[in-house]
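Database features (Swiss-Prot):
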- D71: active site, proton acceptor (ACT_SITE)
- R13: site 'Important for substrate specificity' (SITE)
- T72: site 'Important for substrate specificity' (SITE)
- Q156: site 'Important for substrate specificity' (SITE)
Amino acid sequence: MKKEIILASNSPRRIDLLKHMGVDFKVVSPNVEEEGNGEKRSPVEVVKKNAIMKVQKVAEDYRNAIIIGADTVVVIDGEIIGKPTNEKDARRILRKLRGRYHFVFSGVAVMETPEDKVLVSVVRSKVKMRDYSEEEIERYIATGEPMDKAGAYGIQGKGALLVEKIEGDYYNIVGLPLVRLNSLLNRLGYSLL
């Protein structure tokens, strides 16, 4: 019997990326409390733990599936930055990132049930933001786009206009490193191709 593929995420970006790959999958909200925002913990451990928590939670109800979970954070000056809590927080984050490099870490976990085998990996990318103006920050916040994104920007949307350059996996910055995900799926005998 073919296993159902489940994305343990509410992220529209992750959903769009898997759809773009032509994957037949179901979206299930993991309903877990993510850890790490604003903390000085290891971003690698934070995104790994959050991705694993998501697949394990969904696995409780899906016992013949391939479950995919991911978590993404932005790190600057050792601070883990998740999604902004409000517009004031988005403004603070965008000011902190302005004209500087930061790192984006995504943890991706794949769990096969009923075997309950979990594979997890972390991808890191480096992003340099432009020295954008206060007016640009205000216009960007007014779009609403920063509010549900780690680091208060979406590189796949208008946030791309704030970015000067990237080093590493673009899809990692969007929130789902597809090449690494495919590598994990390959180890379980599946493929995005």
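Glycine residues also receive a Cβ, built from the backbone N, Cα and C atoms like all the rest.
Source: prediction; values computed, not measured.
Structure coloured by features recorded in Swiss-Prot.
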{"residue": "R13", "record": "site 'Important for substrate specificity'", "contacts (Cβ under 8 Å, 6+ apart)": "G154, Q156, V174, G175, L176"}
{"residue": "D71", "record": "active site, proton acceptor", "contacts (Cβ under 8 Å, 6+ apart)": "E34, V46, V47, N50, A51, K54, S106, G107"}
{"residue": "T72", "record": "site 'Important for substrate specificity'", "contacts (Cβ under 8 Å, 6+ apart)": "V47, V104, F105, S106, G107, A150, N172, G175"}
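A simple way to gauge crowding: the CB of Q156 (site 'Important for substrate specificity') has 18 other CB atoms within 10 angstroms, across all the protein chains here. DSSP assigns R13 (site 'Important for substrate specificity') to a helix.
DSSP classifies the residue listed as 'active site, proton acceptor' as strand under the three-state reduction.
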